[in-house]
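Note sheet for the following structure.
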Amino acid sequence: MGLSWALLPFLLLAFRAELLALQPALGSQPPSASSSHSMGSSRDFVSNVSSSQHPQPPGSEASAGIPDSNRFPQGLNSSHVPGLFRTNVSAEEQYLSPDVTSSETPPSRVSLDGLDSQDPDKDSGLPFLVKTPASQISVQTPDTKVPTKASGSKLSLEHHNLEPGSKISSEIYQAASFPQQVGGPLAVLVGTTIRLPLTPVPSSSPPAPLVVWRRGSKVLAAGGLGSQAPLISLDPMHQARLRFDQIRGGLELTSARLDDAGVYTVEVIRGGVSQQIREFVVGVFEPLPQLSVQPRAPETEEGAAELRLSCVGWNPGSGKLSWSRDGRALGTSDPEGAEPPRIRTERDQLLISRPVRSDHARYTCQVRSPFGHTEAAADVSVFYGPDAPVIRVSSDRDASPALYVTAGSNVTLHCSAPSRPPADIAWSLADPTEAAVPAGPRLLLPAVGPGHGGAYACIAANPRTGHRRRSVFNLTVADLPPGAPQCSVEGGPVDRSLRFRCSWPGGVPAASLQFQGLPEGVRAGPVPSTLLVTVPARPELSGVAVTCLARHLVATRTCTIIPEAPQEVLLQPIVEETQPGDVVVALEVTGCPPPSRASWARQGRPLAPGGGGRLQLSQDGRKLLINNFSLDWDLGNYSVLCSSALGAGGNQITLTGPSISSWRLQRAQEAAVLTWDVERGTLLTGFHIQAWTDSSEVDRVTMSRDWVSLLILGPQERSAIVPLPPRNPGTWAFRILPILGSLPGTPSQSRVYQAGSDLSPGAIAGIVLGSLLGLALLAGLLILCICCLRRYPGRASVKKQHSLTLAPVLTPPAKKIQSLTPVQTPRPLPIKTKMQSPHPAKAQQVISPSPTLCPGGSPWTVRAATQV
């Protein structure tokens, strides 16, 4: 029997009993149109049930429709359906009045809201239309024709007799509203029982409720509540596993299977009107599986086509599958039509296209269900590299070792090459003969030298993939050239050009040389080590500074040369005593700057440079050396000529033996001062100050009156101070003996030093003669003046008006104590230089008297003081 045939008798009986039970209440209680009907569904629920015509009074027609058993309600809402029922719920009973304000109500019919319980006769003849949103049941009164038609079963119900003129009050006893789904989806395991309770349990008071259970659009069970209520229908396909509770209205489905999952709906119907609809979302899951990722140790290379990981043990019924990498969830595949991502999922597999090194991670597949979760993981190894090796250099001395390292520093080379697994590092040195090359990322080069410079190759090899990469680093070891750059300039052929030369040889790498200051248009470098530039000779080049700029990795040095014409050329003799008795004489020319060349001559005969023998010229030609000098052979005239493209000049000198050209003896307090001169060209190595005396108090002088050397002075000395005994010094004789090596020269003339206050007879005679001569001259002058005055008396008076006035001459007082001693010399001797003595003495004043006539005619001795 179909569902329509099963529901038809129960529906008719329930509707008839409801009408009979509500008839007395309609006359005593007015219906209310303000109550709401509790219903909801996620699907549309529409079915029409038509019943066959029954004999009814005229104008009385009732039609009812029941839901289609093959359609599942989804989005049912009372606000969307015209002609909805509104209920007024009180503590005792509920009243239902139809709302016929919808446009679907024919205008010839009167809605249930227009019924008046106080005038039953008037209302009994009006049509009564009732439509529910769920069942679309139409009831017309007072006609009792109730056509009932269930769609799908094509069944026409038999007519039922209703009393004509009876007042019908559609009273529906419904329970309190309940939500569509309580507690979220229902999850069960395969093989367990699905229990769907109906909460709250509908009241079993008449009219008896009808409970219909569906899964989707398929009816699973339908029946009334109560122990005496019949069970109308059970789905034949699930009849063996279905249990319908007719007391509480619940449903049980034993031995749950995966296909039992879905949306279950329960509908409570009273008197042909759907009152309650509730949905249950049921999920059926298999127990959580034991998962594993295959392959267990996946390996691939960077740039491979793809890598697939499978989550073994998962099936769709056990739960939702997800993948993660290092704990971060991986996104799902892109929508259809978009470019597929590089990492995507396909069923139970994770596909990694074109793996890269960042894909090296731990991948986890996880299955999650309401009953828990399980997971499995695998470590994916992505081999790559080696990349191009990178060589870094460090030095304990240098700030920028990548450019160069200085000789003697300790250098370390570091090589790194990103690779998985780590690459094996090997070195290839610049020196191919080096056999013991250590393996590893660090290469130590202690105390590097120029031989360590060159190319160093780092070779990185991946031991897993076999790939190899190589990089080369050029190590520069810088060694500064010794000394400093040397600059020179010399004349070209026929003195028409100047050749500038700069040299700084040695060093690693070679220094770069360049001239600065040369005329424009002259190519002046840079060149390594040695630079030679020829410039046409021009007068304006004289005095111009030309600088050579020498650049090296370690330092930058300069040298400057100024080409000049010869000026004030002068020869100077230089005497050196290399060994006792062995003398070397040199002639050095000054005022002969580069680019001048010096040409030497002796006694008018030119000297060839580099001729050998005892006469030798220096490398620059500006010094003439005379080895093993001999007074018999090497004395004479020497000359030099300096010439260049800028001018010429010369000088000559006559070399003589050791001698004194002139000397002086002066008195001082308790000392004798000697000064002397020598001719230019005199060769000597020192002076001996010699003396003898007739006083026996001097221990250094013998009674035989031999000359004794009191002082020995150097060749540059030109004065000497000889201290004398303070008491009774006596008479002294002094002379100067020049020395050349071990050979004595010609001594000077001797001079006598007379100590004490008594004048010698000669001095007294001189003073007397001088005084007489002075008086005679003064008398003659007076006589001459008298004669002139007598001869020219007028002019004398005029002259008297202009008397002669002489300014007084002031002599500054002496700073030291002076002594007066008469000597035979008429004037003092000037002192030029100081004399050094083995016994140091302080500088003293030398005072020599000078005879002068006093106003009275007698001579005075005037002191002449000289500070020594």
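Backbone N, Cα and C atoms are what each Cβ position is placed from, and that goes for glycine too.
Note that the structure is a prediction, hence the values are computed from the model and not measured.
The feature signal peptide is assigned by Swiss-Prot to 1-27.
Positions annotated as compositional bias 'Low complexity' by Swiss-Prot: 26-52.
The feature region 'Disordered' is assigned by Swiss-Prot to 26-82 (among others).
The N-linked glycosylation site annotation in Swiss-Prot covers ASN48 (among others) and is backed by sequence analysis.
According to Swiss-Prot, the compositional bias 'Polar residues' annotation covers 71-80 (among others).
The annotation N-linked glycosylation site is assigned in Swiss-Prot to ASN77 (among others) on the grounds of sequence analysis.
Per Swiss-Prot, N-linked glycosylation site is recorded for ASN88 (among others).
Annotated region 'Disordered' per Swiss-Prot: 96-154 (among others), in sequence order.
Residues or ranges marked as compositional bias 'Polar residues' by Swiss-Prot: 99-108 (among others).
Under the heading compositional bias 'Polar residues', Swiss-Prot lists 133-143 (among others).
Summarising the annotation, Swiss-Prot assigns domain 'Ig-like C2-type 1' to 289-381. Taking H, G and I as helix, E and B as strand and the rest as coil, DSSP gives the domain 'Ig-like C2-type 1' (289-381) the counts 6 helix, 49 strand, 38 coil.
Long-range C-beta contacts of CYS365 (disulfide bond), restricted to its own chain and to partners at least six residues apart, with a cutoff below 8 Å, comprise LEU291, VAL293, LEU309, CYS311, TRP314, LEU321, SER322, TRP323, ASP348, LEU350, GLU375, ALA376, ALA377. Under the heading disulfide bond, Swiss-Prot lists CYS311-CYS365 (among others).
Sequence annotations record features per position, and here Swiss-Prot assigns region 'Disordered' to 323-342 (among others).
Marked as domain 'Ig-like C2-type 2' by Swiss-Prot: 389-474. For the domain 'Ig-like C2-type 2' (389-474), the model's average pLDDT works out to 90.
Annotation note: ASN410 (N-linked glycosylation site) sits in a coil segment as assigned by DSSP. Non-local contacts of ASN410 (N-linked glycosylation site) by the CB criterion (under 8 A, 6+ apart in sequence, same chain) comprise SER395, ASP396, ARG397, LEU444, LEU445, PRO446, ALA447, VAL448. Under the heading N-linked glycosylation site, Swiss-Prot lists ASN410 (among others).
According to its DSSP assignment, CYS415 (disulfide bond) is in a strand. What Swiss-Prot records for CYS415-CYS458 (among others) is disulfide bond, and it gives sequence analysis as the kind of evidence.
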Rounded Cα-Cα span from ASN628 (N-linked glycosylation site) to CYS415 (disulfide bond), Å: 68
Rounded Cα-Cα span from CYS458 (disulfide bond) to ASN474 (N-linked glycosylation site), Å: 11
Where CYS458 (disulfide bond) sits in the secondary structure, as DSSP reduces it to three classes: strand
CYS458 (disulfide bond), number of other Cβ atoms within 10 Å: 25
